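To start, the structure itself, in structure tokens.
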Amino acid sequence: MEAPSFVFLSLLLILTATTTSAQLTRGFYNNVCPNVEQLVRSAVNQKFQQTFVTAPATLRLFFHDCFVRGCDASVLIQSPNNKAEKDHPDDISLAGDGFDTVVKAKAAVDRDPKCRNKVSCADILALATRDVVNLAGGPFYNVELGRRDGRISNLAGVQHNLPGPHFNLNQLNSMFSLHGLSQTDMIALSGAHTIGFSHCGRFSKRIYRFSPRTTIDPSLNLQYAFQLRQMCPLKVDPRIAINMDPVSPKTFDNQYFKNLQQGKGLFTSDQVLFTDSRSKATVNLFASNEKAFDSAFITAITKLGRVGVKTGNQGEIRIDCSRVN
């Protein structure tokens, strides 16, 4: 009588293993679309040459996709009545150049008859993200593939699932740990702000009305605060965007962490990484050792790319990245 229950148990183990840590692999498309990486790279490179915004926009798109329903390209879906993820206030500021990068890369892949409708939008976004990081001067890393595209995208999915610019360390850690990401992963991924930009409204409270007693956030470098006030006057055009790294905004490097050491983190959620003693040592390490940052970033973005993925026969391979088949 033992055998059947043992067989059932091992089957159960196999099933749970595949659903919890769905296996992505580096050579997933080797037999289907062997040159998928070159096709994506060349389309992304072309787009990057047209505008640098391609880099931060694509990287942020990937992050926002993975934190809501996992890395399943659900953020790309358009809704006729503006009820998709991308219509949520936290996603409305996602730059169009990120979406366009995926569209262009998808078209390049589909032009190869072998590859047509064989590569998921989720994998194309993951590859494009690696390429923009590298094109902006960041490290090259291998991307695990095999994600399938999700069929659901709604406003509710975004609510309370993305970190806010006002977050403290506890809030950041608890949100990242929901996705299996450690504090070090979170700090490394925050380093992506080295090429980021932000609209004034996301930080204006820090420079104009921090508290009843003090108008400027005391953790903010005063000279930097006055520079920000010049770039973001009170009645500023809401479309105006400010570089998050005032020193080398177009280079993916460790300057972001050096800025934090000087009180030049744009968001509260940036500066807190240095002011909180629990994370300060990691910021100091990344500021003094670019290799340590690159290596931690690769680990973190690889883990991010595994969050909530659909594999096997889950989801679908979207024919048009902006709509469900």
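Each residue, glycine too, has its Cβ placed from N, Cα and C.
Curation plays no part in TrEMBL annotations; they are all automatic predictions.
According to TrEMBL, the active site, proton acceptor annotation covers His64. Cβ environment of His64 (active site, proton acceptor): Val75, Glu85, Asp90, Asp91, Leu94, Leu162 lie under 8 Å away, each six or more residues apart in the same chain.
Annotated Ca(2+) 1 binding site per TrEMBL: Asp65, Val68, Gly70, Asp72, Ser74, Glu85, in sequence order. Take the CB of Asp72 (Ca(2+) 1 binding site) and look out to 10 A: across all protein chains shown you find 30 other CB atoms.
The Cβ of Pro163 (substrate binding site) lies under 8 Å from the Cβ of Gln171, Leu172, Met175, Phe176, Ser269, each of these being in the same chain and 6 or more residues away along the sequence. As annotated by TrEMBL, substrate binding site applies to Pro163.
Under the heading heme b binding site, TrEMBL lists His193. Within the same chain, the residues at least 6 positions away from His193 (heme b binding site) whose Cβ sits under 8 Å from its Cβ are Met244, Asp245, Tyr256, Leu266, Phe267, Asp270, listed in sequence order.
Taken from TrEMBL, the feature Ca(2+) 2 binding site covers Thr194, Asp245, Asp253.
The feature disulfide bond is assigned by TrEMBL to Cys33-Cys115 (among others). Sequence-distant neighbours of Cys33 (disulfide bond) (same chain, 6+ apart, CB under 8 A from its CB) are Leu39, Val109, Asp112, Lys114, Cys115, Lys118, Val119.
All protein chains shown were included, and the count of other CB atoms within 10 Å of the CB of Cys66 (disulfide bond) stands at 28. Annotation comment: TrEMBL describes Cys66-Cys71 (among others) as disulfide bond.
Counting every protein chain shown, 30 other Cβ atoms lie within 10 Å of the Cβ of Cys121 (disulfide bond). Per TrEMBL, the feature disulfide bond maps to Cys121-Cys321 (among others).
Using a 10 Å radius centred on the Cβ of Cys200 (disulfide bond) and all shown protein chains, the other Cβ atoms total 21. Under the heading disulfide bond, TrEMBL lists Cys200-Cys232 (among others).
The domain 'Plant heme peroxidase family profile' feature in TrEMBL is assigned to 23-325.
The signal peptide annotation in TrEMBL covers 1-22.
Cβ-based neighbour count (10 Å, all protein chains) for Arg60 (site 'Transition state stabilizer') stands at 21. According to TrEMBL, the feature site 'Transition state stabilizer' maps to Arg60.
Asp72 (Ca(2+) 1 binding site) is 8 Å away from Cys121 (disulfide bond) when you measure Cα to Cα. Among the binding-site residues listed (Asp65, Val68, Asp72), Asp72 has its Cα nearest to the Cα of Cys321 (disulfide bond). Rounded to a whole number, the distance between the Cα atoms of Ser74 (Ca(2+) 1 binding site) and Cys200 (disulfide bond) is 28 Å. Distance noted between the C-alpha atoms of Val68 (Ca(2+) 1 binding site) and Cys232 (disulfide bond) is 31 Å. Nearest to Thr194 (Ca(2+) 2 binding site) in space, judged by Cα atoms and limited to the binding-site residues Asp65, Asp72, Ser74, is Asp65.
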